[in-house]
Amino acid sequence: MFLNSLDLPGQPENSRIVVAMSGGVDSSVVAGLLKKEGYDVIGITLQLYDHGAATHRVGACCAGQDIEDARCVAETLGIPHYVLDYEERFREAVIDPFAASYAHGETPVPCIACNQTVKFADLLATARELDADALATGHYIRSRSHGAHRALFRPLDSDRDQSYFLFATTQEQIDYLRFPLGDLPKARVREMATEMGFVVANKHDSQDICFVPQGKYSDIITKLRPEAVNPGVIVHVDGQVLGKHSGIVHYTVGQRRGIGVATGEALYVVYLDVENARVIVGPREMLETHKLFLRDVNWLGDERLDNFPPDGIEMAVKVRSTRPPHLARLHYQEGVFSVDFLECENSVAPGQACVFYDGNSDGARVLGGGFVTHSERAAETEMMLKRVLCNLETTSAVASEFKTKVSYT
């Protein structure tokens, strides 16, 4: 059977492809490439939010000027283009959970939630309703045939690798999705945009958290979850109250800058005691993480979960999109996934994603991932954290005395 460039049967003109057009360079080039090859291309842009200043902010996406840019590109290509209002859905599926997660002391990754719900569930369903054979996006990731299905692989351009944000894609979605930029470097994509005459050829790349004006995520969280800005105290792991804070929303595990205390010692946020509004700080070595426990795991590997090896599977994992994969061993016992690092990781916060790969090479296959619920650190660190957390009554008394001496700003 003849397969076209998207691994679909038949000639390109016999395949209808919906392209998710954000108004940026990447998705515009995808639409241009597919149109040039002869596919029946339909562009769809999702209006996800309209938050005043964010609408025209450099680096924003899916609002205001971006919609106009997508429309202009579609006109240049001569393809149909539709704008769908998904603001309410985006708020419910992405923004509200993002704020709730931060209020619980987690470090969420909203782009993953957006891909899970709005883009690869709702938009994909719309593409099927339009009788499209595939949904194509401008993500930098590769997909190709793997047995009876398709699998995800890290892209050619490792600097643009977006596999971390796509681990939650289900097998059914992977089979329907196409990623034409997976084998192209970003520099070449920009050249193509210029060659195609797109007005977006020199447009800035969108930021990770697209709905946050000027990167001030605390403003949105303060509005949606005011309890996250309750004042509290900053406590050293030795139990000493060092200072005050104006809300745990301003802190994340591993943070060093902007903690708000000066002791002459290099201090990092090592734990957030959300219930008691306490920020626990300590030396960097207390951030060394040996084991993770995960929730909401999407497993894309070949091994059946009911036949998972008792001693686990060695693989590479990423706990941040900007970090390289590190070797670890994945375990699955009694419905619980856990990860043992072969070399300790640093600054792993609840809510972060942990993504699995079959190796640490540039073209490694994505095996899924999950979200961190909690971690285990060195035995001494665990003991010190338990001690300061159990010493709540004493710490609270000291904190009350401290508050009488210092006024909150």
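Placement of Cβ uses the backbone N, Cα and C atoms for every residue, glycine included.
Record check, Swiss-Prot: ATP site residues include Ala20, Met21, Ser22, Gly23, Gly24, Val25, Asp26, Ser27, Gly138, and the candidate from Leu46, Leu84, Leu166, Leu224 also listed there is Leu46. The two recorded residues Cys210 (disulfide bond) and Ser22 (ATP binding site) have their Cα atoms spaced 11 Å from each other.
Note on proximity: of the recorded positions Ala20, Ser22, Gly24, Asp26, Cys114, the one nearest Gln352 (site 'Interaction with tRNA') is Cys114, by Cα distance. Rounded to a whole number, the C-alpha distance linking Ala20 (ATP binding site) with His139 (site 'Interaction with tRNA') is 10 angstrom.
Using a 10 Å Cβ-Cβ cutoff, Leu46 (ATP binding site) registers 27 neighbours. All protein chains considered, the CB of Cys114 (active site, nucleophile) has 23 other CB atoms within 10 Å. DSSP gives Cys114 (active site, nucleophile) a helix state.
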